[in-house]
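Asks: Can you keep this structure in mind? I'll have questions shortly.
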Amino acid sequence: MDGRYLTRSLAVGALAAGFLVVAGCERPPFEQEQTGPRGTGMYVLDNPRILESRLDLHTAPEARPMASEDGERAGDVHENVQVLADLSDEQFWRIKEEMTDWVAGDEGCTYCHTDDLASDEKYQYRVSRDMIEMTRYLNANWADTHLTHSNEAGVTCYTCHRGEPIPPASWHSEEESGETRFMTGMGDLQLQNKISSKTAYTAFPRDALDTFLVGHEGELSIVGEGEGGLRTATTEGVSLREAYEAVGLMMHLSYSLDAGCTLCHNVSRWASWEDSPKERETAWHGIRMARDINVNWINPLIDEYPEDADVLGPTGDVGKVSCQTCHNKERRPLYGEEFLELYPELVGEPDPDFDYLQFGDLGTDLLKGVND
C-alpha cells in the first residue's frame with residue numbers, strides 16, 4: 001500500500017477513535033464540592049448543564065393547601081377505610097387527590113376504584129392500601145437514619161412513582177439462562193457479562209440487587225473492605241463472584257446518585273469508617289431501608305396480584321425498589337423537598353419494635369452516629 005494512503009487511513013482511524021472517546025465524556029462546565037482534605041481527590045462533581053436538564057424530573061408537584069385536622073374522622077364517614085381512618089375527612093380527601101396525581105394522573109380514580117369506592121375488587125386498591133401504610137411507616141421509622149439526614153424530607157408516593165402507576169425505576173429478579181461459554185463464547189454467564197442498568201451498564205452480576213437489597217439473612221456482608229482477600233483452597237475469604245457482586249452494588253449506588261466513589265469513601269483509607277464522609281453512613285442505612293421495603297412490604301404483595309398480571313416480572317415477582325427508584329440520579333431525591341411538613345397525613349406512629357439491625361448487622365460498631 002502506498003505510504004500516503006496508509007498515513008491517511010491511520011489519520012482517519014485516529015480521528016474516528018477520538019470522536020468515539022469524546023462522545024463518551026461529559027461536556028464542561030463542571031462544579032466541584034470538596035468532601036475531604038485538599039489534594040486527596042476528595043470532591044464530588046456536578047455539571048450545571050445536566051442538572052438543569054433534569055429539573056422537571058426532580059421537581060415535585062406543588063402541594064395542595066393544608067387541610068383542617070378538625071371534623072369527623074374519615075373512618076367514621078367512609079366505608080372500608082383501614083389505613084387513613086385517623087385523618088379528618090378534609091385531610092383524607094386532600095391525600096386522595098394528591099395520590100391520583102402522584103400515581104395515576106392519566107388514569108384517574110378508576111385506576112384503583114370501581115363505581116363502589118369502598119370495593120376491594122381491584123388488586124390495585126388492595127396494593128395501594130398497603131403502600132400508603134408503608135409510606136407512613138417509612139416516614140415514622142426511617143426518618144432519623146436515612147430519610148431526613150439533612151432536613152425534613154421524607155417520602156410520598158411520588159418519590160418512587162413519578163406520576164406513573166408502576167415506578168419507572170423498579171426492578172425484577174432474573175432467572176439464569178443456562179447459557180455457558182460453549183454457547184456464547186463469553187464464559188459462564190452466571191447472570192453477568194451482559195450489561196445491565198442494575199449495575200450501571202457494567203458486566204457485573206445482575207443479581208447483586210437480589211443479594212444486597214433483598215437478601216439479609218445471617219452475616220451477609222458487602223465484601224472488599226480491605227480485610228483479607230479472595231478465598232483459596234487453603235485460606236478463608238470471599239469468592240470472586242461475591243467480590244463482583246459487591247462491586248456491582250457499588251456501581252449501582254454511584255449510578256443511582258450520579259456521584260463518584262468519593263461521595264462516601266476516603267480515597268486514602270477506602271475501608272475506614274472513621275475517616276469516611278458522613279454520606280457513607282447515610283448509604284449504610286439506605287441499603288437496609290431498601291431491604292426493609294422489599295422484604296417486608298413489596299414481596300408480600302404477590303398475594304394480591306392475579307397470576308396473569310402484566311406488571312409481574314419474568315420470575316413472577318413484584319417490581320422491587322433500589323436506590324435508583326427514589327434517587328433517579330440525584331443525591332437528594334426531589335431536591336430534598338420537605339414532605340414531612342407538607343404532608344403530615346403521611347407520617348404514621350413509630351413502631352416500638354422497629355430495629356434496623358434486623359436487616360443486617362454489618363459493622364454497626366463502626367458507625368459514628370452522624371445521623372442521630
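Each residue, glycine too, has its Cβ placed from N, Cα and C.
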Asks: In TrEMBL, the heme 2 site includes C157, C160, H161. Which of M131, M250 does it also list there?
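Replies: Candidate listed by TrEMBL for the same site: M131.
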Asks: Among G316, G319, which residue does TrEMBL annotate as binding heme c 2 at the site that also has Y111, Y123, M131, C157, C160, H161?
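Replies: My reading of TrEMBL gives G319 as the candidate in that site.
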Asks: Restricting to the chain of C264 (heme 3 binding site) and a gap of 6 or more, list residues whose Cβ falls under 8 Å of its Cβ, or answer none.
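Replies: For C264 (heme 3 binding site), the qualifying residues are L253, S276, P277, E279, R280, A283.
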Asks: Taking the residues M250, C261, C264, H265, which the record names as binding heme 3, find the longest CA to CA distance and state it in Å to the nearest whole number.
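Replies: Value for the max Cα separation, rounded to a whole number: 11 Å.
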Asks: Ten-angstrom check, please: count other Cβ atoms within 10 Å of the Cβ of C112 (heme c 1 binding site), all chains counted.
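Replies: Here the count is 23.
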Asks: Can you check which residues sit near M250 (heme c 4 binding site), meaning Cβ under 8 Å from its Cβ, same chain, 6 or more apart in sequence, and list them in order?
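Replies: Same-chain residues close to M250 (heme c 4 binding site) (Cβ under 8 Å, separated by 6 or more) are C261.
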Asks: So, in DSSP terms, is C112 (heme c 1 binding site) helix, strand, or coil?
Replies: coil
